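Record features (TrEMBL):
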- 69-160: domain 'FAD-binding FR-type' (DOMAIN)
- 121, 123, 138, 140, 143, 156, 157: FAD binding site (BINDING)
C-alpha cells in the first residue's frame, strides 16, 4: 500500500523499465466509481480491482534523441550571459520540427574536439521538454587561472 516509485526508479535501469512494457496489460482504475461496491472490501469480485484496456497512444513527436547511442549534431545558435560566470546556451536541433526527447532530470553529453582531443561532458537541459526545434543549457564557466586545483579551467565550458 505504499508508493515505492522513487525506490524502484533508483535501483532499476531504463532498460529494465522498458522490459516492463512487454508485461503491461492495462492501467489501474482508482477513481470514477460512486457506489460502495467500488471499494475492494465491498466488491462482488472479492477485492479485485479492474484494469482499463490500453488505449491507443498518441503519435510520437519527431524526437531528436530517439537513439541514445547516436551522436546528433546541434548548432549553437544563441549565447546569453546570465552572470559573470554563467551562460545560457541555445542549440538548434537538426530539424525545426523536432523535440529533444529527453525526460526531465536526465542529462545529455556534449562532445567536441578541443585542441585535437575528444572532450565529452554531461549537462542537464534547462528548456522545457515540449520546446520544438531547440534545447537550452545553463552552464557555469570555469575560467583559466581561477582555481588552483584546475589551473586551465573547464575545458568544455570555456569552449562553449
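Using the three backbone atoms N, Cα and C, a Cβ is placed for every residue, glycine included.
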DSSP-assigned states of the domain 'FAD-binding FR-type' (69-160) in counts, ordered helix, strand, coil: 5 helix, 41 strand, 46 coil
Message: Among the binding-site residues 123, 143, which residue has the fewest other Cβ atoms within 10 Å of its own Cβ?
response: 143
- line: CB contacts under 8 angstroms to residue 156 (FAD binding site), restricted to the same chain and 6+ apart in sequence, sorted by sequence, are 110, 112, 114, 119, 121
Statement: Minimal Cβ count within 10 Å, across the binding-site residues 121, 138, 140, 157, points to 140
